[in-house]
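J.: Provided herewith is a single structure, encoded as structure tokens, for subsequent inquiry.
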Amino acid sequence: MNLRDFEEDNAKSCVIGSDVPGVTKGEPCCLGIDEAGRGPVLGPMVYGICYCPLSGQDRLKDMGFADSKTLSEEQREKLFEAIAGAGEFMGWTIHILAPNAISNCMLRRSKYNLNTLSHDTAIGLIQRTLDSGVNLQEVYVDTVGDASKYQDKLKGIFPDLDITVTPKADSKFPIVSAASICAKVSRDRAVKGWGFFEETESNKISRQFGSGYPSDPETKKWLASMVEPVFGFTQFVRFSWSTAGKILDDKAVTVNWDDEDEDEKAATPSVLSFFAAKGEDPKQKKHQYFQERFLHSVTDFGS
């Protein structure tokens, strides 16, 4: 798994995947979807998918997949190596959602919450797999929000697929467990290798930030020590999380946005009026380029 594209610019989200096994373009296939890093206030959230022929599901069981959260980092790494080594029948894709990209989405004027972002990411990965030529028939998804509503949503978009959305899908279906491994391993590597572009020789950034979860005292302590009064947090922080917001309220400079009311707007002269002679309509004033060359608008094309 090469995260170079993301590491070079971790302000942007990034999609990375394996080659598509030839067998998956012919045989009917199943696909699993899971995520890692939904809750932390630090680092990216990663969505992972794995897919393989339906005929290979027994092989998945023999590989010993389980929910990535129940495994040690070393166990997850070994299982990912097994996935990478099974490239002749098994493919994978990850979508790394950058922390500030997540927060920018969530703070848009139009409502766009984390569930919607998660749904759209999963939909994008399914479509990407179909577009790559995989003969996809069955999809298994670890739910986000109400499972039945999410399942209906996906079936409405992909009516030709047999879709199952359920809680704890990573412990029920080996293909989802494999997707969980891909998501967790890539997030672990992204966090461990995070490049703080805000760091300078005279301003080193501590890597002692704990688990990254809002309830972790070490994470809270790191956030409080890292906030810059004017510019806020580094790109490693999801600034839309309430934990980060409270620290900004306490430690950052207050910014007041004064909205003008309609009366004030009506009374405020246009900036153009300062560049026009008295009594002249500023909107009718020609640019200096046209004045110097005595150029005028043509109104008659007579012979």
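These residue numbers are counts, starting from 1, taken along the chain as shown.
Cβ atoms here come from the backbone N, Cα and C positions, even for glycine.
Annotation comment: TrEMBL describes Asp34, Glu35, Asp142 as divalent metal cation binding site. Residues annotated as domain 'RNase H type-2' in TrEMBL: 28-253.
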J.: Can you count the other CB atoms that lie within 10 A of the CB of Asp142 (divalent metal cation binding site)?
T.: 25
J.: Would you list, in sequence order, the residues of this chain other than Asp34, Glu35, Asp142 that have their CB within 8 A of the centroid of the site's CB atoms, where the site is the one recorded for divalent metal cation?
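T.: Here the non-site neighbours turn out to be Ile33, Ala36, Tyr47, Gly48, Val141, Val144, Ala169, Asp170, Val176, Ala179, Ser180, Ala183.
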J.: Radius 10 Å, atoms counted are CB only; among the binding-site residues Asp34, Glu35, which position scores highest?
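T.: Most Cβ neighbours within 10 Å: Asp34.
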